[in-house]
């Protein structure tokens with residue numbers, strides 16, 4: 001029996017800014033954003049849209065009535081939680097109409113949370129092959145206007161349905177995990193924006209990949225030649241490339257070109273969205289599968305997950321025969337192409353708005369599953 005990703009999709013808010021416009025507004029060379037960090041556009045959301053909004057829209061795109069009857073676990077990986085006690089997964093469970101006899105909860109460990117959820121889902125299905133698990137990575141990455149992290153913001157969600165005999169990616173049992181207590185990125189309770197040690201975070205990311213890769217190679221004997229593509233956590237698209245370049249310098253030029261060509265296919269969507277935190281690796285996986293022209297059934301895909309603080313994991317998936325028939329490339333391209341571009345003034349005004357849940361209010365938004373009202377601090381969603 002194989003277990004893995006049976007369905008996968010993503011959702012981003014209907015607004016974005018162009019990175020050239022942001023660079024000009026911040027008196028920065030546009031090349032620093034387009035080339036230096038590798039970003040072209042950045043997703044932006046109004047206060048009427050939160051992680052539940054994104055999670056519900058992403059999940060709705062992949063779930064059938066039969067899926068909702070088979071799902072007995074709903075997991076949301078996030079570091080943008082809307083409540084200190086109640087899990088967004090509980091609200092998502094109701095909005096999706098999933099059968100009631102299910103577990104629903106959140107997982108937090110920076111950008112790693114959804115990977116923890118995916119592995120937990122895999123283990124659950126191994127024990128209950130007739131059941132399915134909905135795993136959603138949903139986040140809003142915000143660092144503040146005019147901050148160093150401003151060009152690496154973003155928002156959205158990735159939804160994955162984990163099942164036995166998956167139709168897209170079968171997960172292997174070769175995981176290598178790494179935990180280190182490092183303050184490279186953190187957000188103390190009550191702080192609206194994270195604290196970031198940029199140089200340390202970059203260094204820890206690169207070092208973490210090197211450690212789990214070397215340990216994985218030691219345990220399995222697998223090297224780059226055994227992988228048809230690698231997908232990385234992508235806080236910005238140059239980050240994964242830095243870690244990759246540090247490890248492939250001893251490979252032949254042809255091998256380096258092969259590996260980097262697949263990497264470029266994995267970052268196409270992220271260049272247009274920005275940082276999805278927990279969803280970044282899986283947005284990269286979707287981009288790889290929907291844009292790579294050389295992948296085929298049986299190919300081995302290596303996945304590197306990283307969450308600051310810091311937890312990292314490397315694991316492998318094998319592409320299933322006919323996987324291309326279960327992707328949603330046209331839908332995803334339409335989602336990205338039909339967004340509204342905001343001027344920098346509009347973006348700054350939207351960014352400056354805050355949702356005061358202590359004030360009863362109604363909110364106007366045409367997007368399905370957006371917040372319709374706040375009553376006694378409780379959020380109501382359109383559906």
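Every residue gets a Cβ built from N, Cα and C, even glycine.
Secondary structure at residue 79 (active site, proton donor/acceptor), taken from DSSP and collapsed to helix, strand or coil, is coil. Annotated active site, proton donor/acceptor per Swiss-Prot: 79 (among others), in sequence order.
Here Swiss-Prot flags 111 as active site, acyl-thioester intermediate. Neighbour density for residue 111 (active site, acyl-thioester intermediate): within 10 A of its CB lie 31 other CB atoms from the protein chains shown.
Under the heading active site, proton donor/acceptor, Swiss-Prot lists 233 (among others), citing similarity to another entry as support. Note on residue 233 (active site, proton donor/acceptor): other Cβ atoms within 10 Å of its Cβ, all shown chains, come to 32.
Around the Cβ of residue 242 ((3S)-3-hydroxy-3-methylglutaryl-CoA binding site), a 10 Å sphere holds 13 further Cβ atoms from the protein chains shown. Sequence annotations record features per position, and here Swiss-Prot assigns (3S)-3-hydroxy-3-methylglutaryl-CoA binding site to 29, 111, 152, 201, 233, 242, 275, 308.
Here residue 233 (active site, proton donor/acceptor) is positioned 26 angstrom away from residue 29 ((3S)-3-hydroxy-3-methylglutaryl-CoA binding site), judged by their C-alpha atoms. Look at the Cβ of each of the recorded positions 29, 79 and count the other Cβ atoms within 10 Å; the largest number goes with 79. If you check the active-site residues 79, 111, 233 against residue 308 ((3S)-3-hydroxy-3-methylglutaryl-CoA binding site), the ones with a Cα inside 10 Å of its Cα are 111. Around residue 152 ((3S)-3-hydroxy-3-methylglutaryl-CoA binding site), the same-chain residues six or more apart in sequence whose CB sits under 8 Å from its CB are 37, 39, 141, 143, 235, 236, 274, 275, listed in sequence order.
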